[in-house]
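Written below as structure tokens is the structure these notes are about.
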Amino acid sequence: MRQVTVTEHLLLHQTKSPAATGQFTALLYDLILAAKIISKSVNKAGLLDVLGGTGQVNVQGEHVQKLDEYANRVLIHRMERTGVLCAMASEENADLIRVPERFEAGDYILIFDPLDGSSNIDVNINVGTIFSILKRKPGASGSKDVTLGDVLQSGVEQVAAGYFLYGPSTMLVYSSGQGVHGFTLDPSVGEFLLSHPDIRYPEQGRIYSVNESYWHYWDEPTREVVSYFKGPDNPLGKPYSLRYVGSLVADFHRNLFYGGIFMYPMDYRLPEKPQGKLRLMCEASPLAFLAEQAGGRATDGTKRILDIVPGELHQRVPLFIGSAGDVDAVEAIYRRHS
């Protein structure tokens, strides 16, 4: 069987996708190179001094893992040199990351979570890099004077989104608006090869993923949502299977293939985070883009995730994402309580 690389796949789809320009291809190429470097360190994490925390706390109020910090450095170092970016934003950085004056600037904006699920790395559970690609608004092309207003765009304006999953094999799953495609890294040739073309969600899932230990911090509609999947009064006529790793990208990836729903609702556990834990721009929005391209849906309970215009760089949102029928059921329950 003829193997198709990511670059070949992009070139084949350039006529269909306005995103697949030469600049976009160059951007994705450098992003893939950064992911290969990160993957190599993740695979050797138990042999290198990269396990555990740094002792620092990031802008999210979370303890920084050594691999978090390393992945963040790799991505910034590689991507600021591409010549096609005007700015970046990372889960680990409080402010916009601007392209230094010594490098050329382009019109693309890269937003990323450098190592999602990194708290699990010490016990060898899958982690990943989530990314979102935007284009700056017209009228400022070629300028490095990027404002927050250029970056705070709704998810529907994304040019592309995806993630790298570091596990038994390293995968790239991405979409530029022409479906969702999966590529697996062949370490013998150092290339991501097309392994899962045109990924589609099953219309109705069999899995629900949520941290049920927060039950006592949820409101009544949220408890009803979870009870719906735990009980027999659903299209399956029996309880869904609970599968929850605690690594967003790993849980999303499994449910994308098997069907089901991932939920991280708002809770009252932490008063400073009333909207839940997940970040709109570097987690919820890129995964929502993938979900919709794969025939699924993503909502905060009442609103489509891709329609939410962020008011700040690190805005948090509740997230219900997965098979369309399952997300429809969630919204129906919240509507009854509104």
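Glycine too: its Cβ is placed from the backbone N, Cα and C atoms.
Per Swiss-Prot, these features apply:
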type: BINDING; residues: E91, D113, L115; note: Mg(2+) 1 binding site
type: BINDING; residues: D113, D116, E283; note: Mg(2+) 2 binding site
type: BINDING; residues: D116, G117, S118, S119, N211, Y244, K277; note: substrate binding site
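Of all the Cβ atoms in the protein chains shown, 17 others lie within 10 Å of the Cβ of S119 (substrate binding site).
Summarising the substrate site geometry, the residues cited as binding it (D116, G117, S118, S119, N211, Y244, K277) extend over a maximum Cα to Cα distance of 17 Å. Taking all protein chains in view, 28 other C-beta atoms sit within 10 angstroms of the C-beta of D113 (Mg(2+) 1 binding site). Measuring Cα to Cα from D113 (Mg(2+) 1 binding site), the binding-site residues that fall within 10 Å are E283, out of S119, N211, Y244, K277, E283. The Cβ of E283 (Mg(2+) 2 binding site) has 26 neighbouring Cβ atoms from other residues within 10 Å, across all protein chains displayed. Relative to E91 (Mg(2+) 1 binding site), the binding-site residues with Cα atoms inside 10 Å are E283, the candidates having been S119, K277, E283. In sequence order, Y244, G246, Y264 are the residues of the chain that are 6 or more apart from N211 (substrate binding site) and have a CB within less than 8 Å of its CB. Sorting the binding-site residues E91, D116 by the number of other Cβ atoms within 10 Å puts D116 first. Comparing C-alpha positions, K277 (substrate binding site) sits nearest to E283 among the binding-site residues L115, D116, E283.
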